[in-house]
Structure formats: C-alpha cells, structure tokens
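> I am attaching a structure below and will ask some questions about it afterwards.
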Amino acid sequence: MFQLNAELDMHFLDSAMFRMGVLATLRSRVLGGSVVGVMITASHNPEPDNGVKLIDPKGEMLDPNWEDIATELVNVSDQELEEQVAKIIKENKIDVSSQSNVYVGMDNRYHSPRLLKAVSDGVIALKGNVKEYGIVTTPMMHYFVVATNSKGVYGQATEEGYYNKLITAFEKIRGNKLENDKYRNYLLFDGANGVGARKMLHFIKRMHKSLNVEVFNKGDGKINHECGADYVKVQQRCPVNMPVTDSNVRCVSVDGDADRVVYFFTDNDGIFHLLDGDRIATLVADYLIDLVKSCELELSMGLVQTAYANGASTDYIVNKLKVPVSCVSTGVKHLHHKALEFDIGIYFEANGHGTIIFSTKAKQSITKAADLGDEKAQTFLLVIDLINETVGDAISDILLVETILHYKGWDVNEWLACYDDLPNLQLKIKVQDRNVITTADAERVCLTPVGLQEQINNIVLNYNRARSFVRPSGTEDVVRVYAEAATQEEAECLANDIGILVQKMAGGIEPNLVHPNKSFQAHF
C-alpha cells in the first residue's frame, strides 16, 4: 500500500493515484482483461492519511513482481512517466489494444473522492474500462473483483450480492434460536468512524433481527481517532464514545476500512480484556476441527501466525488443538500465501486481520458429503459462504465469531478462559536509518548489526517464559521492539532492556521506554 499524509502533499498523492490507475490498466491487460481492483484507503491510519491497495484477479494482493514495477512507476518524474509506461509495456509484452477492466472503490475520508477520480483518469488515459463502486470497505472491493472474475460463482458483484451472501449463510446456520446457554444476542460495535460503520448499518437493516447490534462511532468523529481496532489493540482500552456500562458484554471494534477486527469486554471488576486476532484464530480453528471430524473428512489444516502472535496462543494451538502452526514475516500477503498450502488454511495477525482459505479439494469433499445428506457438511458449506476467503473482512469475521459462540453457547469469559495470554509490550525506537537492521526467520532473528541478536538472546535469558524480537518498520524510520514474558513487570523491563540495546547499536534517536529508571531482577 502506498501511503502518505494527504494534507501535506495532495499533489503528489493525486499523481500517485493517477499512476496506479495506469498500472492497474496494464496489469489487467497482462492478465487477459481480468478485472483488477484499486482501493483508496489508509486503513487503520489517521484520517489525514490516505493510500492505495491494488487487488489481483483472485482477490489476492498485487503480485510481488508488479510491486516493484509499481514502486518504479510512482517514483519517476512527470517528464519520465511516458517513457516508463512504454518500458513496462515492452518488458511485459502487453498488447495495448487488448481489453482491460478496473474496479475502483474508496473509504469515507474527505479527500477520497478526489483520489478516486485520479485513479479513474489514469485508467481512461490508457483507454481502459473503469467501474467506480464509490464508498465501500476494502473487503467488499476484493469480493467484487473475485465475484466478477469467477463469473458469479463466488457471488454477485454488487453491494446487495455481498450483503445477501453473508446474511443468508449466517441466518440459515443460526436458525430461529437466537440465544443459546450463556450466549446472548447482543453486540456493541465500534465502527471507527469509518466505512465499516456505514456498512454494518446496512447489514442490520437486512438481517431480520438475527443479530442485535448497537453501532457507535458511526462517522461523527475523525476516522480511527481514539477508536477502531488498532486503537483498542494497542491502547488496551475501550474506544471513545462507546459507553460500556454493563460488565461481560461482547464489544467489537473494526478499523477504518473494515479489514481488521478485535473483540473486547470489561469484567465484573471493571477490568478490560482484549480478544484479538490470536483469540479469533484459536476459536475458529477449534470450530473447524469439530466440523471436519463430524463430516469424517481427511483434510489438512494449518494455522499461520506472525512473530507478534502471543506465545500462549501458539502453545494452545499446537498442544491443545493439535494443529500445525507456521510463522511468517509480518504482512497479510505472507500469511495468505502460506495458508494456501493447506486444505484449510487459517491466518490471523494479532491485530485482527485474517481469514480462512479452503482448497478446491476441501470444497469438493465437503460438497460431496453434503450431497449425500450429511447435515454437518451442509452447515460446513454455509460456513464457507459466510467467510470472505479473499482477504481479512471484519464484518464477515464478526458473523463467523458470533456463529461459533452461539453454537458453543459461550459468553466472553468462557472464550477468554481457553488460555492465559502472556503479558507483552511493543515499543518504537526512532532511528536515523531503519535499514541498518536486517532480519531472517520470519523477522525473529536479527542478522545485522552483527552481535545484536546474540545480545538480545542473553537479555531474554534473564526473564521467565520470555521472548523478544526487533524489526525495522516497513513505513517509517523506526525499529519496532516486541517483548513477552511471564509477568507484566518482566515484559516491561525486557522491552526497556532491548530498547536501550537497539538505541545503542542502531543509532537510535529517541527511545520510547515504559519506565526508563526501572530495573528488574528475575527470579527463577
């Protein structure tokens, strides 16, 4: 995703968007006229920011080779633009007379309409076909692209088609019994003042009261400002303008473009509890294991995480659920690619961005069982319809979580009781050049500066059940530090120790420490 502050450099962003329209047109031509999507959004970032996400025909993120092409195209001068486009056409043997089709959507930031026009102008400049969807969520754009390219097999490429597919599956699974044991049909929804709030209101109108949702942060405030999934995850607190007056009530937050989701609640003592992407992944895995066993199917299942996943969740998945776990580098494209290796691939980042992918073999096996009258297999097919396999989809994920909790008859406390999270902390260390730090092994091991990893290992040994890694940010000149340990005090001290080390070895400018003067003596 290309991203910058729109208030600071709107002219550059206009130009970048125009070029992404050009790129999407060329990409579509390379792929025989298949629809390519362009989504204008800055996702979980502040309202003044904006950016663009390109969507390949199967709903995946842009091919890595074309990411390099995109980077070169967006950085050439205006005078070099025509020459650069000609170079792309020549190197990729593109027939400029062939058909191309581009879908464009945007979030509800105030500058998005201008940027959408810039993208469309880029498509038109190369005589491509463009369809504007207006204000939609990022997952909806992925859905529209795949629905069209699958010729309707995945669904109808309209907003109504999207709503209808998810709601029909959800309501058929749930049936007339809206509550079950400790599960209550009531949910508080934080829309982050983004497009997800608008679309959830559309869902509510169409859902025949099958899910009782109360929506907050509908759009009266700034997008993602003191609200939304990222705020709740990082700050470990309830969003503003969302009165959580009753204890143990399920609450949920999505981000500005509705591709991330986290649950949370406050207990009887007023203590905040987060149910993040790790918790969602374990809940989903447990449910799908039960479906696979009930249908007596031989299907491989795997769960994909990043190094940010809580160590307790990994232990639970491997030792309790007996599901293999793969760790990949940060970024949804890495998780999605790895998940494709399984018949049922589950991936969620801790920030709440994730989904489930089913192989052709899995779908054929489940369909065959359903055709033979297996009721569990018929439910399984509805579950697949409920999931947006193309990308993390906050609203789809919410409907899936609600389906599972309803099935189990669980409240939030029973969900939370599956395992105890290890306390953890994340810091940012400002540096002059983040590229001095390079990593390997899914960003868990530092290669440079030489000696840094060895010293990290030595520090970690001083704490109980400890783990820590550092990685350069992908978007700003900071180094990110993650620390995890048996207690909150140990996690804080470990983070400080690693932060000071990184500051010394990587040319840190400003350490962002928790308790700068605090020291801790580990006890074994």
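Just so it is clear, glycine is given a Cβ too, placed from its N, Cα and C backbone atoms.
Bear in mind that the values here come from a model prediction, so they are computed numbers and not experimental data.
Relevant sequence annotations retrieved from TrEMBL are reproduced here:
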{"type": "ACT_SITE", "residues": "S43", "note": "active site, phosphoserine intermediate"}
{"type": "BINDING", "residues": "S43, D255, D257, D259", "note": "Mg(2+) binding site"}
{"type": "BINDING", "residues": "E349, A350, N351, R471, P472, S473, G474, T475, R480", "note": "substrate binding site"}
{"type": "DOMAIN", "residues": "35-73", "note": "domain 'Alpha-D-phosphohexomutase alpha/beta/alpha'"}
{"type": "DOMAIN", "residues": "85-152", "note": "domain 'Alpha-D-phosphohexomutase alpha/beta/alpha'"}
{"type": "DOMAIN", "residues": "157-262", "note": "domain 'Phosphoacetylglucosamine mutase AMG1'"}
{"type": "DOMAIN", "residues": "276-410", "note": "domain 'Phosphoacetylglucosamine mutase AMG1'"}
{"type": "DOMAIN", "residues": "463-498", "note": "domain 'Alpha-D-phosphohexomutase C-terminal'"}
> Nearest of the recorded positions to G474 (substrate binding site) by CA-CA distance, picking from S43, D255, D259?
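Minimum Cα distance from G474 (substrate binding site) across S43, D255, D259 lands on S43.
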> Using P472 (substrate binding site) as the reference point, find which of the recorded positions S43, D255, D257, D259 has the shortest Cα-to-Cα distance to it.
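Nearest by Cα distance to P472 (substrate binding site): S43.
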> Do any residues, 6 or more residues outside the domain 'Alpha-D-phosphohexomutase alpha/beta/alpha' (35-73), come within under 8 Å Cβ-to-Cβ of it, and if so which ones?
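The answer is 1-8, 13, 16-17, 19-25, 27-28, 81, 84-85, 88, 100-107, 109-112, 115-116, 119, 138, 141-146, 148-149, 192, 222-225, 228-230, 255-257, 259-260, 332-333, 336, 351, 389-391.
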> C-alpha of D255 (Mg(2+) binding site) to C-alpha of S43 (active site, phosphoserine intermediate): distance in Å?
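On Cα coordinates alone, these residues lie 7 Å apart.
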> Using an 8 Å cut-off from the Cβ centroid of S43, D255, D257, D259, can you name the remaining same-chain residues around the Mg(2+) site, in sequence order?
T41, H44, D107, T137, T138, G194, G196, A229, V254, G256, A258, R260, H353, A394
> Using C-alpha positions only, work out which of the recorded positions S43, E349, N351 is nearest to D259 (Mg(2+) binding site).
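Nearest by Cα distance to D259 (Mg(2+) binding site): S43.
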> Out of the binding-site residues listed (D257, E349, N351, R480), which are within 10 Å of S43 (active site, phosphoserine intermediate), Cα to Cα?
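If one measures from the Cα of S43 (active site, phosphoserine intermediate), the binding-site residues that come within 10 Å are D257.
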> Here the binding-site residues are D259, P472; which one has the lowest number of other Cβ atoms no more than 10 Å from its Cβ?
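Comparing Cβ neighbours within 10 Å for the binding-site residues D259, P472, P472 has the fewest.
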> Whole-number Å only: compute the distance from the Cα of E349 (substrate binding site) to the Cα of D257 (Mg(2+) binding site).
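About 16 Å separates the two Cα atoms.
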> Out of S43, N351, which of the recorded positions is least crowded by other Cβ atoms within 10 Å?
N351
> Out of these binding-site residues, D255, D257, E349, which one has the fewest other C-beta atoms within 10 Å of its own C-beta?
E349
> Roughly how many Å lie between the Cα atoms of R480 (substrate binding site) and D257 (Mg(2+) binding site), rounded to a whole value?
24
> Let's see if you can do this one: DSSP helix, strand and coil counts over the domain 'Alpha-D-phosphohexomutase C-terminal' (463-498), in that order.
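Looking at the domain 'Alpha-D-phosphohexomutase C-terminal' (463-498) with DSSP, the answer is 11 helix, 13 strand, 12 coil.
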> Could you state the whole-number distance in Å separating the C-alpha atoms of N351 (substrate binding site) and D257 (Mg(2+) binding site)?
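Taking the Cα atoms only, N351 (substrate binding site) lies 14 Å from D257 (Mg(2+) binding site).
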